[in-house]
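Going by TrEMBL, these are the annotated features:
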type: BINDING; residues: 107, 133, 164, 165; note: S-adenosyl-L-methionine binding site
């Protein structure tokens with residue numbers, strides 16, 4: 001039996017609070033690696049798998065209050081447009097109210113877009129979003145954002161869960177839509193994340209991922225590479241006094257699999273995708289020539 005996940009719902013006439021939950025599977029960071037211990041990457045570093053979760057948490061504890069500023073630096077400021085495109089392609093609310101799980105969505109920007117899109121385009125005020133993030137500091141930023149919106153008094157519309165995307169403490173076949181934006185590359189095991197996404201989606205449910213990706217155009221790739229490694233860490237120093245976190249985030253993008261390989265990983269998890277190509281009918285859609293990409297898959 002999976003343990004019960006504690007959540008916070010934004011409900012009428014109730015104060016907001018953050019539900020902290022410690023994960024039994026989280027292992028404290030250690031620099032000692034046994035011979036048999038599995039390793040993974042943390043940016044360009046090789047680290048024990050048991051350490052990566054803590055290292056990533058430390059990064060996002062550092063950048064949580066400046067998360068949008070961080071994405072501005074890493075995307076030339078157009079991440080907001082990409083997120084708008086991401087949600088508009090999914091058309092939440094078109095076929096009636098749906099139940100969504102937004103993973104690694106602590107600051108709530110995707111959740112807010114989903115609710116706004118359903119309301120504004122389809123007069124749907126019943127669609128709900130559960131925002132899951134492993135980092136409590138990111139969730140706090142989400143609370144702040146939603147307290148400024150019309151949804152802060154809406155019961156059952158939005159809730160926040162502190163949890164691990166690789167080991168979701170959620171029942172199977174529950175959600176119509178699973179979204180993850182700029183988060184999956186920070187997870188220790190992408191295949192485990194995808195398998196859990198498949199498990200918690202209903203048959204016919206959609207998996208959708210927005211992530212930094214690989215640029216095909218050689219000229220654009222060179223420009224973006226130079227910008228990423230020369231300018232973004234410098235901006236981290238200037239804007240957040242934190243070069244190391246921004247350096248990791250740039251490196252994590254370079255370690256993320258290219259579009260075709262990630263599309264195959266989605267299929268390996270049991271999803272049906274479009275063809276192994278970009279564009280209409282394909283498994284992914286590139287944004288800005290592949291600086292970011294949108295991948296989708298359907299649970300059959």
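Using the three backbone atoms N, Cα and C, a Cβ is placed for every residue, glycine included.
Any TrEMBL annotation is an automated prediction that lacks curation.
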Which of 107, 164, all binding-site residues, has a Cβ with the fewest other Cβ atoms inside 10 Å:
164
Recorded S-adenosyl-L-methionine site residues 107, 133, 164, 165, farthest C-alpha pair in Å:
16
Applying a 10 Å Cβ distance cut-off over all chains shown, what neighbour count does residue 165 (S-adenosyl-L-methionine binding site) have?
25
So if I draw a 10 Å sphere around the Cβ of residue 133 (S-adenosyl-L-methionine binding site), how many other Cβ atoms end up inside it?
27
